[in-house]
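J.: I'd like to ask you about the structure that follows.
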Amino acid sequence: MSELPTVSIYTDGACSGNPGPGGWGAILRFGDKEKELKGGEPHTTNNRMELMAAISALEALKKSCQVELYTDSQYVRQGITGWIHGWKRNGWKTADKKPVKNAELWQRLDAALKPHKVNWHWVKGHAGHAENERADQLARDGVAMARLQKNVRG
């Protein structure tokens, strides 16, 4: 069996108000190739945008990869490496029997992981990590796009 290609992914989410207009950004790096992704929604939360950054990056991969995914969101990292196992066992309910917030995004992230081997890394946000800073800028661009979308819709 051949070795999987290694891709580094850097993600971030942002929200102006929580809830409010939000954006997400991701950088995918494979060797010397790099791709930037961004998007936004007019009414969302920071946690949803953090999830969308990871989902969108993983869904953009065209074949199975070894992924090193860097996020400044403890919510995403802890959720996908720990909490999700209990949620799935409990029918997408928390330990106190409440519905999991953002369950549809967690399910989408779980599905996006399936073809890949992913190592999750937490990086401190706004601490000078170049790729995290760039992902943050892409996320803020996504917020601006979402604001425009909101204003156009009225």
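A Cβ is built for glycine as well, from the same backbone N, Cα and C atoms used for every other residue.
OK, Swiss-Prot features for this one:
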BINDING   Asp12, Glu50, Asp72  Mg(2+) 1 binding site
BINDING   Asp12, Asp136  Mg(2+) 2 binding site
DOMAIN    3-144  domain 'RNase H type-1'
J.: Provide the three-state secondary structure of Asp12 (Mg(2+) 1 binding site) computed with DSSP.
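T.: The residue in question, Asp12 (Mg(2+) 1 binding site), is strand (DSSP, three-state).
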J.: Among Asp12, Glu50, Asp136, the binding-site residues in question, whose Cβ has the most other Cβ atoms within 10 Å in this structure?
T.: Asp12
J.: When the domain 'RNase H type-1' (3-144) is classified with DSSP, how many of its residues are helical, how many are strand and how many are coil?
T.: 57 helix, 47 strand, 38 coil
J.: Taking just the CA atoms, what is the gap between Asp72 (Mg(2+) 1 binding site) and Asp136 (Mg(2+) 2 binding site) in Å?
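T.: The Cα atom of Asp72 (Mg(2+) 1 binding site) is 10 Å away from the Cα atom of Asp136 (Mg(2+) 2 binding site).
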J.: From the centroid of the CB atoms of Asp12, Glu50, Asp72, the recorded Mg(2+) 1 site, which same-chain residues not already listed sit within 8 A by their CB, in sequence order?
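T.: Here the non-site neighbours turn out to be Thr11, Gly13, Ala14, Met49, Ala53, Thr71, Ser73, Val76, Gly125, Asn132, Ala135, Asp136, Ala139.
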J.: Rounded to the nearest Å, what's the C-alpha distance separating Asp136 (Mg(2+) 2 binding site) and Glu50 (Mg(2+) 1 binding site)? Just drop the number here, would you?
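T.: So the alpha carbons of Asp136 (Mg(2+) 2 binding site) and Glu50 (Mg(2+) 1 binding site) sit roughly 10 Å from each other.
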J.: Tell me, how many other CB atoms lie within 10 A of the CB of Asp72 (Mg(2+) 1 binding site), whichever protein chain they belong to?
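T.: Counting Cβ neighbours of Asp72 (Mg(2+) 1 binding site) within 10 Å gives 22.
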